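Student: So Swiss-Prot has the following annotated:
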type    : residues                                                               : note
BINDING : Thr5, Gly6, Ser7, Ile8, Gly31, Asn33, Asn122, Glu124, Gly215           : NADPH binding site
BINDING : Lys123, Ser149, Glu150, Ser186, His209, Ser222, Asn227, Lys228, Glu231 : 1-deoxy-D-xylulose 5-phosphate binding site
BINDING : Asp148, Glu150, Glu231                                                 : Mn(2+) binding site
Amino acid sequence: MLGSTGSIGTQTLQIAEEFPEQFRVVALTAGQNLDLLVQQIQRHQPELVALANADLLPELQQRLDALGTDRKRPQLVGGPDGLNIAASWESADLVVTGIVGCAGLLPTLAAVRAGKDLALANKETLIAAGPVVLPELKKSGSRLLPADSEHSAIFQCLQGTPWAENARLSTGVPTPGLRRIQLTASGGAFRDWKAEDLENATVADATSHPNWSMGRKITVDSASLMNKGLEVIEAHYLFGLDYDHIEIVIHPQSIIHSMIELADSSVLAQLGWPDMKLPILYCLSWPSRLETPWRRLDLTEVGQLSFRAPDPAKYPCMQLAYAAGRAGGTMPAVMNAANEEAVAQFLEEKIHFLDIPVVIEAACERHKADLIAHPQLEDVLAVDQWARMAVREQVKRGTTRVPLAALAA
């Protein structure tokens, strides 16, 4: 479990506890939440624990020593190399990647190169490094199983088609018979706000999601619809469709998690309550399904399902993501890194919510002349660092916000 103390990690470990006959946790990685990590170590008794911050290893060792149990202690490793060791741990059959942002890229690649199957909750890995990751998947035979709700929904819908064998998510080639993907979006924290009212948006407003329980960064991405834009790029890499055939639909109830249209014009959808444990469980149990006592969907309780097209004037980040995806090469990596840095600056209240698309667009514009069409890993890592620095520099200079209508034009 990469990122065991985060939102995806804690929910994955809850599932492992619910199904002890099916799943055993062999390795955990975490950032710096030692309190929760120690509890997880006690509960799951992994063989290996990796800390992203190697400086915290002595403190973790002391805390484990203080427990004074007779149980076998896990091996402790730290830093980037430690994360890679955990990601390629020999006794692991499946690696769940829940590390937020581009920090998850190198451990994910380590897992792929070790031939591990992956439950991918870290969408930034494919977005920033799709041209690097997909050939590695083909080489190693690893399978990529999407752990976020939308791509899991698409994957599940494809299981009911004659092309299920092609939907292995390991090549990025077009899925035969798949005509269109419709990614559903809740609309995020500002779905019922008027575009002009976003001038008054605060960090507290942007981090209050109406439907899903998620981490702060992804909740802000949901509010800007950048999250859905990133998912468009991810869907392009996973299922091989071009951007003209991947659409975003606002669906406030978050009951339909995504839809696919097939060659005969029929549409398949996957439904369920908005609960991340459902797609995570499917990744862990695929191709089987495990019986759960979880709350069952009652459509009469839901009452109605509604849909509308997203307003480009209100969600400029969505347009930026489509543009970066179509540009290809290193542009998605630049856009993703610029967004990560912009959101971090917003959460620290150094910029306004409406500055987020402005600084992202500026970084993407600056990168156009230097775009690398067929990047190597080193190129992706280099432009990632460059884009973060470009955003920080712009924030220091001060942002010049432009009207929303101008951004959408």
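Just so you know, glycine gets a Cβ as well, placed from its N, Cα and C.
Source: prediction; values computed, not measured.
Give me the local environment of each listed feature.
Tutor: The number of other CB atoms found within 10 A of the CB of Asn122 (NADPH binding site), across every protein chain shown, is 26. Taken residue by residue with DSSP, Asn122 (NADPH binding site) is part of neither helix nor strand, so it is coil.
Note: His209 (1-deoxy-D-xylulose 5-phosphate binding site) has non-local neighbours Ser186, Gly188, Ala189, Thr219, Ser222, Ala223, i.e. same-chain residues 6+ apart with C-beta under 8 A of its own C-beta.
The secondary structure of Glu150 (1-deoxy-D-xylulose 5-phosphate binding site), as reduced to three states from DSSP, is helical. Residues within less than 8 Å, Cβ to Cβ, of Glu150 (1-deoxy-D-xylulose 5-phosphate binding site) and separated from it by at least 6 positions along the same chain comprise Leu183, Thr184, Glu231, Ala235, His257, Ser258.
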Student: In whole Å, note down how far the CA of Lys123 (1-deoxy-D-xylulose 5-phosphate binding site) lies from the CA of Gly31 (NADPH binding site).
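Tutor: Rounded to the nearest whole number, the Cα-Cα distance is 18 Å.
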Student: If one looks at the chain holding Asp148 (Mn(2+) binding site), which residues at least 6 apart in sequence have a CB under 8 angstroms from its CB?
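Tutor: Set apart from Asp148 (Mn(2+) binding site) by at least 6 residues yet with Cβ under 8 Å, we have Leu120, Ala121, Lys123, Glu231, Glu234, Pro279.
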Student: Please list, in sequence order, every residue of the chain apart from Asp148, Glu150, Glu231 whose Cβ lies within 8 Å of the Cβ centroid of the Mn(2+) site.
Tutor: Lys123, Pro146, Ser149, His151, Ser152, Leu183, Asn227, Lys228, Glu234, Ala235, Ser258
Student: Tell me which residues of the chain lie with their Cβ under 8 angstroms from that of Thr5 (NADPH binding site), as long as they are six or more apart in sequence?
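Tutor: Correct list: Ala30, Gly31, Asn33, Leu36, Leu37, Gln40.
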Student: Between the Cα atoms of Asn122 (NADPH binding site) and Asn227 (1-deoxy-D-xylulose 5-phosphate binding site), what distance do you get, rounded to the nearest Å?
Tutor: 12
